[in-house]
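Scroll down for the structure; my scribbles are underneath it.
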Ligand code: SF4
């Protein structure tokens, strides 16, 4: 067995560019080799995502149907009840999910919501599941409250490269996002941070997005890579589809730059063939969201995920197992 690839946070643009653009077979071989040094290649983590507060978001993320500023017609709902969150988590656990992610369409949480958020964390943890939340930007005291309630992971995506960011969001900056990620990590909550590809960005933006994550003080524990689902009436409704080979290259680069992170195949799986998903697993993706909706977007049925796992000989990671070697 080869020596384990070192965990580096000093990757350069030139290195990342050369890795991404090497011949495809060499890239896949390298990514799979790195993957095997740190993970069981036949295990994939299943996470479940629930929208705990849908629509009416004041941010203007161009890809999102939940933004009140986009033309998409999704009405705003209130934060859902704690009991309902826990009941849904129980069902997700019965379906094999080990991590429960709760997402709210907010710029940041309000003080009046904190008690309910803490109760959700307690309730889901009591089921023996890992907890993750995505609530927008966080102030330091909010980070501490969520940590003290037992939150395991906080998701905050950087979305794209710093260069392309202003084409996608104008209501908060790339630096705001990095600040929240740093606060979360410094407080001892594990970080989940990734982005979206296929938003009309250039190849260098996909590389720079991953480089921004891989050169943080510590790599995110989870790196979700989403393929844009173009939503009617949003500014990105008619954006040209990304070449799937570019998507696989993005997954492979994420695996090589961040060898010990869970690379999650996130939104966009409904538009991917089984063969493309299999290639993504070979390139180092080892986490998926299960369930037929992802916040407001479609996701494959759990039966079809299980059928694919069976055909590929993949097993779901067990509760409490991070799949790493
Ligand atoms: S992605 Fe999140 S922050 Fe952006 S508009 Fe949608 S819900 Fe709001």
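The backbone N, Cα and C atoms fix where each Cβ goes, glycine too.
Database features, via TrEMBL:
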- 42-269: domain 'Radical SAM core' (DOMAIN)
- 57, 61, 64: [4Fe-4S] cluster binding site (BINDING)
- 101, 132, 192, 264: [2Fe-2S] cluster binding site (BINDING)
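Feature map: TrEMBL annotations on the structure.
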residue : record                        : Cβ contacts under 8 Å, 6 or more apart
57      : [4Fe-4S] cluster binding site : 64, 66, 67, 68, 105, 106, 107
61      : [4Fe-4S] cluster binding site : 67, 159, 168, 169
101     : [2Fe-2S] cluster binding site : 47, 48, 49, 50, 132, 133, 134, 153, 155, 192, 289
264     : [2Fe-2S] cluster binding site : 45, 47, 194, 222, 223, 224, 225, 285, 287, 288, 289
### Summary
residue 132 ([2Fe-2S] cluster binding site), Cβ-centred 10 Å count of other Cβ atoms over all protein chains shown, is 25
### Query
Considering only the binding-site residues 57, 61, 64, 264, which possess a Cβ situated under 6 angstroms from at least one atom of ligand 1?
57, 61, 64
### Message
I need the least crowded one of these binding-site residues (64, 192), counting other C-beta atoms within 10 angstroms of each C-beta.
### Response
64
### 8 Å Cβ shell about 101, 132, 192, 264 centroid, [2Fe-2S] cluster site members excluded
47, 49, 99, 134, 153, 155, 222, 224
### Query
So what's the average pLDDT for the domain 'Radical SAM core' (42-269)?
92
### Message
With an 8 Å cut-off on Cβ distance to the 57, 61, 64 Cβ center, who else from the chain surrounds the [4Fe-4S] cluster site?
### Response
59, 60, 63, 65, 66, 67, 70, 105
### Query
Which three-state DSSP class does residue 61 ([4Fe-4S] cluster binding site) fall into?
coil
